[in-house]
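To start, the structure under review is shown below, and the notes come after it.
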Amino acid sequence: MVSSEGLSGSTPPVAVPVEQYGVTKPISMAGPTEADIQRSRELEKFLVEAGLYDSEEETAKREEVLGRIQDIVTDWVKQLTRLRGYTGQMVEDAKAVILTFGSYRLGVHGPGSDVDTLCVGPSYVNREEDFFFVLHNILAEREEVTELQPVPDAHVPVMKFKFDGISIDLLYASISLLVVPQDLDISDVSVLYNVDEPTVRSLNGCRVADQILKLVPNAEHFRTTLRCLKFWAKRRGVYSNVTGFLGGVNWALLVARVCQLYPNAVPIMLVSRFFRVFTQWRWPNPVMLCAIEEDELGFSVWDPRKNPRDRTHLMPIITPAYPCMNSSYNVSASTLRVMTEQLKYGNNICEEIQLNRVKWSALFEPYLFFESYKNYLQVDVVAADANDLRAWKGWVESRLRQLTLMIERVTYGKLQCHPYPHEYVDASKPCACCAFFMGLQRKQGEIVQEGQQFDIRGSVDEFRHSVSMYMYWKPGMEIHVSHIRRKQLPAYVLPDGYKHPRNPRVTPHHQSDKLSHNNHIACTESGGKCLKRKKDPEGENSEHSKPEKRLNLDDEMNGVAEGNASSNFSTISSCSNEDIGNESSEGSNGGDNGSIEGSTIPASSRSDSCDADSKSSLEDEHADHNRVFEDGLQKELEPNAAVGVVLKSMNEADSETVQNTVISRLNLTSTA
């Protein structure tokens with residue numbers, strides 16, 4: 001089940017001659033010590049015990065399901081070929097090919113994970129009608145297919161469903177061939193001839209996965225390390241591309257880059273180096289596994305010198321297959337801050353593990369999101385039934401990133417948002433509903449001016465308006481946006497038997513001192529009336545669907561703002577600016593700087609993150625991003641970058657231009 005390749009034997013592997021993987025030479029060719037080999041075995045044992053590997057039965061079932069889907073799409077293409085009057089030989093030769101990508105193709109899938117699949121069909125079978133209508137109807141008639149959900153207007157059009165209990169995400173790509181060969185080489189650039197942009201994006205999932213496996217020195221070590229770090233990211237709340245964090249392909253590319261920098265390292269070393277490297281990485285310097293090349297096909301590639309939009313990317317992680325794109329364009333200033341803090345947390349824990357002070361389980365302690373902030377936005381999502389809710393909540397979740405950007409923009413980056421990538425369900429309610437939450441805090445180091453307000457009512461209304469544009473809206477689909485304080489969190493988001501934390505450091509005297517300031521955050525709250533379809537602006541549905549109003553967020557607070565928001569169905573509440581000023585977004589074990597009791601983050605990491613947060617305003621950050629490539633590719637990046645960039649065959653660049661890696665100030669070569 002778990003490969004121990006490279007971990008057995010009584011002596012460390014002999015270092016091979018220096019070979020360059022990726023765009024720069026390795027940082028270290030050092031192999032593992034006996035202690036590293038033993039710790040790697042312990043790590044793999046921990047991952048197995050954590051239930052991250054499929055059983056043999058589930059593995060066999062996935063393969064069986066993929067085989068049955070292959071039969072279905074082959075019959076589907078033959079049926080269309082016959083209907084369109086092709087010859088008998090064409091009908092006999094007609095086929096579609098099912099390929100996998102994502103975690104399944106990389107070999108890091110686990111129990112319950114979905115299988116990302118791509119159906120490649122001939123040129124005369126299209127996506128709009130044949131895939132999303134004909135094949136959809138074929139699947140809908142099969143009893144083993146449940147939860148069928150087409151998403152034709154997604155950035156990468158997809159059909160989601162469960163086949164005999166196995167979750168499937170199915171994409172479609174029509175290539176410019178009349179007959180699709182069974183041994184189709186998806187890595188060959190010729191598959192991109194005469195196809196549109198959505199087809200390129202669909203094909204590139206498989207092409208990127210194949211390239212990653214080709215570009216890492218040791219695929220088994222890569223898989224173990226990636227499996228570990230995906231588990232860590234989910235436990236720490238930073239695994240979600242849709243809400244502005246990183247998804248599966250992003251984490252895979254980061255891990256692959258560390259594997260290139262330490263080609264002889266075993267997983268325990270790679271996990272430690274991962275946190276050390278990316279704690280010190282100077283974003284927006286890009287992470288790349290290979291040179292970016294332009295091809296005669298003319299598709300746009302990531303190039304901040306030519307594309308102004310690329311200059312605004314905060315955390316570029318570039319895909320290795322043509323056309324090379326930034327896979328992490330969803331990252332915002334707020335989510336980058338959260339990820340930076342969590343990487344520091346991971347680095348500190350890994351140092352403790354190396355010193356045998358803590359066990360591996362310490363790295364995977366869950367992030368205590370609901371102890372980390374004093375103020376939250378709660379977004380309640382309601383639908384008529386479970387099927388409608390599945391589509392509606394997916395749409396709302398995809399727009400949460402826009403709400404984060406709106407709040408960052410209107411407050412000039414001074415109010416930070418932390419969208420939490422988990423949904424919560426109140427089992428006591430009979431209706432189909434769920435909720436998402438965002439933590440709010442003032443940017444660390446910001447000076448509070450008397451009378452200053454963070455008024456985000458317009459941002460919330462703008463968010464609700466964008467959500468109302470959902471193309472597939474149905475009656476009963478509603479959202480409610482509320483501003484709540486920590487002590488008002490609903491019980492269903494907290495562990496069983498857990499009580500709302502009380503901060504022992506806040507005395508009545510301190511509380512009255514804080515409330516004496518007139519600094520507020522004004523937030524739209526839709527507890528009184530909920531979001532309706534734009535043609536139903538008065539919210540005329542029955543009262544029983546409305547959540548409890550939260551007009552006074554805290555009985556002890558004064559200065560509650562009152563007035564009308566930009567929508568006709570909003571009530572307004574406010575909270576003290578000071579109350580959202582000093583809480584740590586990571587939590588702590590106790591006492592200083594407004595940290596929340598009960599978390600596990602080391603104090604040193606907390607202070608580092610505060611220093612990083614106060615370095616510059618949002619405008620300064622964007623100005624820095626625009627300067628990175630203003631003179632073409634620089635010869636050297638900042639001393640802590642540990643990054644190299646090569647762009648070949650660019651119209652405006654010398655093919656020999658190489659960004660040198662400067663790593664002299666990185667202490668990354670020790671095996672500790």
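Start at 1 and count along the chain as shown; that gives each residue its number.
Using N, Cα and C of the backbone, Cβ positions are placed for all residues, glycine too.
Heads up, TrEMBL stuff is auto-annotated, nobody curated it.
Listed in TrEMBL:
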- Asp114, Asp116: Mg(2+) 1 binding site (BINDING)
- Asp114, Asp116, Asp169: Mg(2+) 2 binding site (BINDING)
- 535-553: compositional bias 'Basic and acidic residues' (COMPBIAS)
- 564-587: compositional bias 'Low complexity' (COMPBIAS)
- 594-607: compositional bias 'Low complexity' (COMPBIAS)
- 608-626: compositional bias 'Basic and acidic residues' (COMPBIAS)
- 22-216: domain 'Poly(A) polymerase nucleotidyltransferase' (DOMAIN)
- 221-365: domain 'Poly(A) polymerase central' (DOMAIN)
- 369-426: domain 'Poly(A) polymerase RNA-binding' (DOMAIN)
- 496-626: region 'Disordered' (REGION)
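Mapped onto this structure are the features recorded in TrEMBL.
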{"residue": "Asp114", "record": "Mg(2+) 1 binding site", "CB count, 10 Å": "16"}
{"residue": "Asp116", "record": "Mg(2+) 1 binding site", "CB count, 10 Å": "25"}
{"residue": "Asp169", "record": "Mg(2+) 2 binding site", "CB count, 10 Å": "19"}
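Surrounding the centroid of the Cβ atoms of Asp114, Asp116, Asp169, where the record places Mg(2+) 2, the chain contributes additional residues within 8 Å, namely Gly102, Tyr104, Val115, Thr117, Val158, Lys160, Ser167, Ile168, Leu170.
Across the structure, Asp114 (Mg(2+) 1 binding site) and Asp169 (Mg(2+) 2 binding site) place their CA atoms 7 angstrom apart. Put simply, Asp116 (Mg(2+) 1 binding site) is 5 Å from Asp169 (Mg(2+) 2 binding site) when counted between their Cα atoms. Under DSSP, the residues of the domain 'Poly(A) polymerase central' (221-365) split into helix, strand and coil as follows: 75 helix, 8 strand, 62 coil.
When the domain 'Poly(A) polymerase RNA-binding' (369-426) is classified with DSSP, helix, strand and coil residues number 28 helix, 15 strand, 15 coil. The average pLDDT computed for the domain 'Poly(A) polymerase central' (221-365) is 94.
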